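Feature annotation from TrEMBL assigns substrate binding site to Arg98, Asn152. What TrEMBL records for Glu114 is site 'Increases basicity of active site Tyr'. Marked as Mn(2+) binding site by TrEMBL: Cys174, His204. If you look up TrEMBL, you'll see 199-414 marked as domain 'Glycosyl hydrolase family 4 C-terminal'.
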Amino acid sequence: MNPPTGVKIVTIGGGSSYTPEFVEGLIKRYDELPVRELWLVDIEEGREKLEIVGKLAQRMVKRAGIPMKVCLTLNRKEALVGADFVTTQIRVGLLDARIKDERIPLKHGIIGQETNGAGGLFKGLRTIPVLLEIAEEMQELCPDAWLINFTNPAGMVTEALLRYSSHKKIVGVCNLPVHMKISIAKLLGVQLEELQIDFAGLNHLVHGLNVYVDGKNVTHHVIDLLSRPENQVTMRNIAPVPWQPDFLKALGILLCPYHRYYFKTKEILEEELEAFKKGTTRAEVVKRLEADLFELYKNPELDIKPPQLEKRGGAYYSDAACNLISSIYNDKQDIQTLNVQNQGAITGIPDESAVEVNCIVTKDGPKPIPVGELPVEVNGLVQQIKSFERIASEAAVTGSYEKALLAMTINPLVPSDEIAKKVLDEMLEAHKEYLPQFFPKKV
Ligand code: G6P
């Protein structure tokens, strides 16, 4: 019997409110990326959301008139058999856990965010063991498939998967570089295809080292534009506090919106503390937004992605994901910014560690384009965050309290060893249910 034609994609965390965006991306690209089956997988707690999102996905595909089958299941192993691509977009502990990641650090006067600092550490501790389990299942059930992870903290998760999983076809994806490119193209009034940015760094700590329009270096002009308060590039989930213009000009490198946590710690913390008091931390806002989105998704008349989804920070994630899948499938050899194994691309970061860099995407996966040394002005912070990610990954895999305490204390957003220990202990207790590696069941 001939093998089936077309692609089989499995999306784990398929009940996510972001799924309609992914489905829209697949529909748009159907001619170049003929998806035979899209399997949306979730867990028991996500059953209702999976049903709602799954039915919307089926209506979207019907409207598009393409022969893409959308299957819904709670049986992950059944779905993984024969997959070509597996995308992961899970949230262990759901949004209530994110609320704790944000509110507990703020209660102690430090930044609470789902990918940085104490919150990022705990999201990683909950998520990494689950992603490793998925990767091991893939090794058994679909060893040739690519694992494409969007789950945050994407940098730390990719680091852990690359180091500790026996499945090696792993790529981390984030919408941030795509988002920055779109914003800068708009600012310059040029087409996206004319713009090239040399991205390098880590996830949520990526830099634009050079910007070109049609091959001409326009970095200084872009920095000039970005240093004006009216031209701030940020995401829905990060307050647009404007950059100090002289600092940006002296640096001469494009920063990403998440750099604000490190270079504008005080201002961002003030914003977050305000939100903490009002009950409007990002997680709380997103929880309300999600409830509204699911109400919309339930409407049997709805058969497109509703524009309200663009209020989420992850807008354009589907472009990043679908472009990657299509380029591997079609051996496009185009350039995309991805989280991959460094393999010498950035000097001074271990070869086996994850970095976010421009890659050439081939049928054998993304190949990082050599960067060399990062500029001295940004290298220090990158090294510190890489150390944090490595120690945090080790803590997630081993369940070592000492490693978790070290990760927390060396994080630049945690200002003292005393606070680190207090926050760590409180968060371990609060997330106990989702941290079996730290609380093994007594027999
Ligand atoms: C940005 C980041 C994503 C993150 C999202 C959060 O887009 O790049 O990694 O998931 O923001 O958005 P949210 O709407 O959940 O706050």
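Positions of Cβ are set from backbone N, Cα and C atoms, glycine also.
Shown on the structure are the features that TrEMBL records.
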residue: Arg98; record: substrate binding site; Cβ within 10 Å: 24
residue: Glu114; record: site 'Increases basicity of active site Tyr'; Cβ within 10 Å: 23
residue: Asn152; record: substrate binding site; Cβ within 10 Å: 24
residue: Cys174; record: Mn(2+) binding site; Cβ within 10 Å: 27
residue: His204; record: Mn(2+) binding site; Cβ within 10 Å: 24
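A distance of 10 Å separates the Cα atom of His204 (Mn(2+) binding site) from that of Asn152 (substrate binding site). Spacing of Arg98 (substrate binding site) relative to Cys174 (Mn(2+) binding site) is 18 Å (Cα to Cα, whole number). Cα separation, Cys174 (Mn(2+) binding site) to Glu114 (site 'Increases basicity of active site Tyr'), rounded: 14 Å. In this structure, Asn152, Cys174 are the recorded positions from Arg98, Glu114, Asn152, Cys174 whose C-beta falls under 6 Å of some atom of ligand 1. Reported as a whole number, the C-alpha separation between Glu114 (site 'Increases basicity of active site Tyr') and Asn152 (substrate binding site) equals 8 Å. Over the domain 'Glycosyl hydrolase family 4 C-terminal' (199-414), the average per-residue pLDDT in this prediction is 96. Secondary structure from DSSP puts Arg98 (substrate binding site) in a helix.
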